[in-house]
């Protein structure tokens, strides 16, 4: 798993189960449940690198939609509403994508 050494598998499973229903995803509670909120800035940057699939230095809307699948291949895609809410919560400079510093701020929020 891409998060080996950063996150605990049991925490990942619990966090994914908590948002298994469509439109139940909340970034802040997910980051807390999965244990990312308590991690070091370095570990948060490593997590960002996993989510940034195209290695552009940003997490774009299409990568956010598939966010949960970074934690488990069988996880659902986020709904359009969840994706837009996630982007709005993390995109503090309004450029339509989430940079590493914005991601770290969202995780720690």
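Just so it is clear, glycine is given a Cβ too, placed from its N, Cα and C backbone atoms.
Pulled from Swiss-Prot:
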MOD_RES   2  N-acetylalanine
DOMAIN    39-74  domain 'EF-hand 1'
BINDING   52, 54, 56, 58, 60, 63  Ca(2+) 1 binding site
DOMAIN    78-109  domain 'EF-hand 2'
BINDING   91, 93, 95, 97, 102  Ca(2+) 2 binding site
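Of all the binding-site residues listed here (91, 95, 97), 97 has the Cα closest to the Cα of residue 54 (Ca(2+) 1 binding site). The distance from the Cα of residue 95 (Ca(2+) 2 binding site) to the Cα of residue 60 (Ca(2+) 1 binding site) comes to 10 Å. For the recorded site, residue 58 (Ca(2+) 1 binding site), the DSSP three-state label reads strand.
Remark: secondary structure over the domain 'EF-hand 2' (78-109) totals 20 helix, 2 strand, 10 coil, with classes taken from DSSP. If you compare Cα positions, residue 63 (Ca(2+) 1 binding site) sits closest to 97 out of the binding-site residues 91, 97, 102.
Note: the Cα of residue 91 (Ca(2+) 2 binding site) and the Cα of residue 60 (Ca(2+) 1 binding site) are spaced 10 Å from each other. In the three-state DSSP scheme, residue 52 (Ca(2+) 1 binding site) falls into the coil class.
Straight-line distance linking the Cα atoms of residue 52 (Ca(2+) 1 binding site) and residue 97 (Ca(2+) 2 binding site), rounded to a whole number, equals 11 Å.
Comparing the Cα of residue 56 (Ca(2+) 1 binding site) with the Cα of every entry in 93, 97, 102, these being the binding-site residues, the smallest distance points to 97. Within 10 Å of the Cα of residue 60 (Ca(2+) 1 binding site), the following binding-site residues from the list 93, 97, 102 place their own Cα: 97. Residue pair residue 93 (Ca(2+) 2 binding site) / residue 58 (Ca(2+) 1 binding site) shows a Cα separation of 12 Å. Cα spacing between residue 58 (Ca(2+) 1 binding site) and residue 102 (Ca(2+) 2 binding site): 9 Å, rounded to the nearest whole number.
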